[in-house]
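Take a look at the structure below.
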């Protein structure tokens, strides 16, 4: 047996310098523990891409050492890559019941067997390989979220997961401050903590404050109320239902993911609804508008979501009526601002009153603001600190905050995905770099769309494509048919016949010149055609369509 | 001569239900006056489009009646369409000196002669056709902005342009409250007012407050300072220069549009800079970092701008150095959030300290918030009100605000571009609808990219294109060469040879089946190929590339 190493490696595979795709590797000798396995949404320039997952080459190369994946909570950016990861890596997955409930749905949708899902409760401590992993209750915008303590032979690591310190959580289950204090007392070697809101001063308001805003709106509204929020925010949904009960309204649930999560949460007891409150969406017209609440997906203005369809008068079952009040209980995720704004506009056009972002109190964040982060740091008092979960600017702000609290600069590591952080009892350093990055998922293809395909899509999206086809006589090198030109996404063809005719003439001349000069290689003929056509079209239109010359031989 | 009509028509051609592209037509009998002529930036789904201008069909159909275009200020969303409009409509253009100075630059860039640009001063009143047009000083995020009073035989129209009520403007030239009060006293028939900030409670802070934040940053900074802001915000630039002078720093101006506007503003006296303060960007390294301020473009994270290039280490003349402080004195325009965030991240990575949006006080809006709007309404006391300049939700909020101030609901018109609003002394109504809309500009093409081209670009951007070419014997209907398949933006070809081979085989089978069944029309053969290939590829990849079958005849 190998001698016990005197160091821990921490390797972020995702979540650093980005929002989403969270995944962290903890390694001690031949024992690897993976924390979370999330997806990210594609960036604006990743055209046609459905989602992005972490590159797990490192884990596949060290397959035999991976003991388990432990999950902090059930959001997509923490569990969404598992359907892909578990196909390649058959290891146990630990998580709280709601987290596993949501995960099971995802796995089923992707036809992945999840045989080794092991439920844990906040407060549990479990041996996984050489590690002792503790699950610690925290508040977040989803129920059943935990932080992790990972005891290793040379020290303890604490990973906060996503968290906030809600002093009045909706389910009454407060963050386990005592556990964090106890860990701090015993000594923590490395803290990895959520940086999402490191830019925000003060405290993040309690989830409960949204309930008060709901109450205010319900109290003053005599018509239908439609609430859009994140389907995973079970506490928000609970508050909407509670308020509905108080004001004697029936509740209908709308949108595929909302229905899924509500069913799981009801089944597992995370959502409590009195008998007779929930009705089917088909029944809403059996009641007066003043007795109806609809809880729906679409708070991000997603084009196919229930709320967006309602706003566009395109929903099969619900039509917006003048007098409806729509509450969008969410903030647009960066990049979704315009989609949400468009939905709001369309709802107003339909005659609804819309309560949205600009109005305060209708949404609170699930992430700790600066004062909460400070409290967490002061409870844990780690020797080393690694800010995680955030864009680079968030990590920097979090690092500065830690410095203000007294952690020496050299003990703080602002780093990137793929860095190998190495910690002994005394020292930390960046010891190397392993393969890490973004794997793009497009339809059934995982990783088959790379830079070349994306570059082509970008060019196609800007100025379209022009295909030039000609059939040549192999023997004599003369034109048998064509040249023909077909374009898509370039100009409206019927209005540009003359341009196309001239382009064909240019091609014909080029082909003849090639013949005359004895150019016989197709590659250089094509390149000639591409140059001549490209120049001609740019001069005439100031556009640069992709030019695709195809030469057929007979 | 025709009998005088007893009604005014107001026709918005742009700026309603959108931000940008502002343009309003005022018509009384055979006299047409046009207010502004702005552009809008393309929406996310307008792939490859450079900019959007209003459809001026109505004006071209009524060419002989258009007396003039009057401009409220020199922002792109108010003057940016003029290079296109003036090519088709040869009419005088009235504006204040800075507005015309900026416009002249734009016209020159577009090779448009601007022969009839007529400068006016705030306070002027000018006869244009049957109208008496008054130019009234207002504050905005550009100098030399005016509102308009338009006296007609049956009543006065007031159009605020873009405005805020800055009580302490940088140049000391306060909004002409007295004129608005006087107009209100005399009676105003219709008010058209800026709705951009109708969602914001309270007052928009004074531009001067940004100067104080500059001062605070300059006071505590010992290294280089780089300020990015809108080139048109001359007052902001003045404050940056003033603060530089106070702290004995030299100022270099960077970025094409920043240099342009600074030159115009210096020439016209809107910017005052003591001798020896401005230096060339090439000279910055002749001074210690503590003596340098760079004022630059790029506050919106525009990919080709000076600041973005610096952030990406791609600028020829300026390299970011650790210790630099970068102030982004702007808010991201909706849609630019991610670009700005990326720039901030890259600047941090280069070791700069970045002062940006999340930090308050570094930018103020140029538009009136609710309390300012209320004051404007109470000064003007119009009979009828038309909220303009805003997305639909902004117009609605502004309408509600006007109602709260006592304007009856039936006297408020929330409407859309192309509506013909008709007002008599007693009554207002929407009397009809004329052609209005978006004209897309792409390269040299104005309006030649329509829905079909955009739909193609969208499809191409998502899943790419697959071109199938085959050469057929015209006589016998048999294959002479091919089928060949070429794809772009679909899959990485080298990794998908097998898929392509199978696809070719599918095509071959389809062609043979067509031959067998006596299908000889190319159109139906192509449609067969498209269906078979589309189905095959979707099953195998869950992607839907554009499929372009080309059949050559020999």
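Every residue gets a Cβ built from N, Cα and C, even glycine.
Database features (TrEMBL):
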- B:194: active site, proton donor (ACT_SITE)
- B:367: active site, proton acceptor (ACT_SITE)
- B:48, B:50, B:442: Ca(2+) binding site (BINDING)
- B:73, B:75, B:77, B:140, B:162, B:389: Zn(2+) 1 binding site (BINDING)
- B:78: Zn(2+) 2 binding site (BINDING)
- B:231, B:232, B:233, B:363, B:364, B:365, B:366, B:367: substrate binding site (BINDING)
- B:20-214: domain 'Metallo-beta-lactamase' (DOMAIN)
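On the structure: features taken from TrEMBL.
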residue	record	DSSP class
B:48	Ca(2+) binding site	coil
B:77	Zn(2+) 1 binding site	helix
B:194	active site, proton donor	strand
B:231	substrate binding site	coil
B:363	substrate binding site	coil
B:442	Ca(2+) binding site	strand
Inset, instruction - Check the Cα-Cα distances from residue B:194 (active site, proton donor) to the recorded positions B:75, B:231, B:367 and tell me which is shortest. - result: B:367
Legend entry - Cα separation, residue B:77 (Zn(2+) 1 binding site) to residue B:442 (Ca(2+) binding site) (Å, whole number): 17
Inset, instruction - Specify the nearest of the binding-site residues B:48, B:75, B:140, B:162, B:389 to residue B:231 (substrate binding site), where nearness means the distance between Cα atoms. - result: B:75
Inset, instruction - Return the single residue from the binding-site residues list (B:231, B:365) that has the minimum number of other CB atoms within 10 Å. - result: B:365
Inset, instruction - Check each of B:48, B:78, B:231, B:442 (the binding-site residues) against chain A and write down, in sequence order, those whose C-beta lies under 8 A from a C-beta there; write 'none' if there are none. - result: B:48, B:442
Inset, instruction - Identify which of the recorded positions B:50, B:77, B:194, B:442 has its Cβ surrounded by the largest number of other Cβ atoms within 10 Å, counting every protein chain shown. - result: B:194
Legend entry - Cβ-Cβ neighbours of residue B:48 (Ca(2+) binding site) (radius 10 Å): 26
Legend entry - Under 8 Å by Cβ from residue B:389 (Zn(2+) 1 binding site), counting only residues of that chain that are 6 or more apart: B:15, B:19, B:22, B:162, B:194, B:195, B:196
Inset, instruction - Can you tell me which binding-site residues out of B:48, B:50, B:75, B:77, B:140, B:233 are within 10 A of the residue listed as 'active site, proton acceptor' by Cα, answering none if there aren't any? - result: B:140
Inset, instruction - Would you mind sorting out which of B:48, B:73, B:77, B:78, B:140 (the binding-site residues) have a C-alpha within 10 A of the one on residue B:366 (substrate binding site)? - result: B:140
Inset, instruction - Calculate the distance in Å between the alpha carbons (Cα) of residue B:232 (substrate binding site) and residue B:77 (Zn(2+) 1 binding site), and round it to a whole number. - result: 12
Legend entry - Closest of B:48, B:233, B:364 to residue B:75 (Zn(2+) 1 binding site), Cα positions, binding-site residues only: B:233
Legend entry - Per-region confidence, the domain 'Metallo-beta-lactamase' (B:20-214) (mean pLDDT, whole number): 96
